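*Asks:* Shown below is the structure under consideration.
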């Protein structure tokens, strides 16, 4: 079992398999060239697999595959299948912008993927183009429908931004509710890579907009996880991830492995442990030692609301959010 210095059990790893992305979202990497990253720097997936086997043996129960855009990584379905074969009890989930999902959903399901989280920031083509710099809405919606068709579990993630998509909160809720998919609204998280004009809506503002149409019956905060779950009177549940008002550090159960082999104990701390050499060499003892050290290095809090702290400079496309 992996336990940090504050007695939190760490049983969840987010694994970035690439920094590459086919979107250039305003809140993530808007000014980054499309060919900014040399693929040769990527860790071989078979080596990452060996690291994750160690993590599973140490008690990890959930692995999320992220990017960048993870569906750009060749051989991903085979990688997932090998992970699933190693331990079928481990939940394997994937975060994606959905652009390539339609053609890959069936293979991902067959490989053993438990769930896919799809980013959907608007239901309007022109807005999706403005937000992501990609004419992507049709592909993303088709990817969602195909995932449902093949039996993949789904969640939707929406970053809510003032004067951009805040007026679509109810429309997106209806879209998700009609398909029996949970949607999670995410407060914009400031970072030095985002466009300066991007401003987010806070949790209470999101709730006020939903309350104009629906009565919100109850609130549930899972013991682990970043989102608060709200239930409408018709039984539908949606989530809000609100790092500004609820840092969820007390129940944090995760670490992150970046695509270059660095283990990040916390999304908002620059400190990381470089495990690249150990992973490349498949050095079992060293990988285990560095994994345990990264857990010990987890800070108590992320300092998000500390007035003296600086805006995070580590890119979300590097750690996968």
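The backbone N, Cα and C atoms fix where each Cβ goes, glycine too.
From Swiss-Prot, here are the annotated features:
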| type | residues | note |
| --- | --- | --- |
| BINDING | 14, 64, 95, 155, 254, 255, 256 | GTP binding site |
| BINDING | 21, 25, 28 | [4Fe-4S] cluster 1 binding site |
| BINDING | 27, 68, 119, 189 | S-adenosyl-L-methionine binding site |
| BINDING | 249, 252, 266 | [4Fe-4S] cluster 2 binding site |
| DOMAIN | 5-233 | domain 'Radical SAM core' |
*Asks:* Find, for the listed binding-site residues 25, 249, 266, the residue with the lowest Cβ contact count at a 10 Å cut-off, counting only other Cβ atoms.
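*Replies:* If we count Cβ atoms within 10 Å for the binding-site residues 25, 249, 266, the smallest count is at 249.
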*Asks:* If H, G and I count as helix, E and B as strand, and all else as coil, what does DSSP give for residue 256 (GTP binding site)?
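*Replies:* Strand, per DSSP.
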*Asks:* What's the CA to CA span in angstrom from residue 14 (GTP binding site) over to residue 266 ([4Fe-4S] cluster 2 binding site)?
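*Replies:* Pair distance, Cα basis, whole Å: 11 Å.
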*Asks:* Work through the binding-site residues one by one (95, 252, 256) and name whichever has its CA nearest to the CA of residue 25 ([4Fe-4S] cluster 1 binding site).
*Replies:* 95
*Asks:* Between residue 255 (GTP binding site) and residue 266 ([4Fe-4S] cluster 2 binding site), how many Å separate their Cα atoms?
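*Replies:* Checking the Cα atoms of residue 255 (GTP binding site) and residue 266 ([4Fe-4S] cluster 2 binding site) gives a distance of 6 Å.
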*Asks:* Which number gives the other C-beta atoms within 10 angstroms of the C-beta of residue 64 (GTP binding site), all protein chains shown included?
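*Replies:* Residue 64 (GTP binding site) is surrounded by 22 other Cβ atoms within 10 Å.
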*Asks:* Over all pairs in 14, 64, 95, 155, 254, 255, 256, the listed GTP binding residues, work out the largest Cα-Cα distance in Å.
*Replies:* 21
*Asks:* Of the binding-site residues 21, 28, 252, which one has its Cα closest to the Cα of residue 95 (GTP binding site)?
*Replies:* 21
*Asks:* Quick check: of the binding-site residues listed here (21, 64, 155, 249, 254), which one has the Cα closest to that of residue 27 (S-adenosyl-L-methionine binding site)?
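*Replies:* Comparing Cα positions, the closest of these binding-site residues turns out to be 21.
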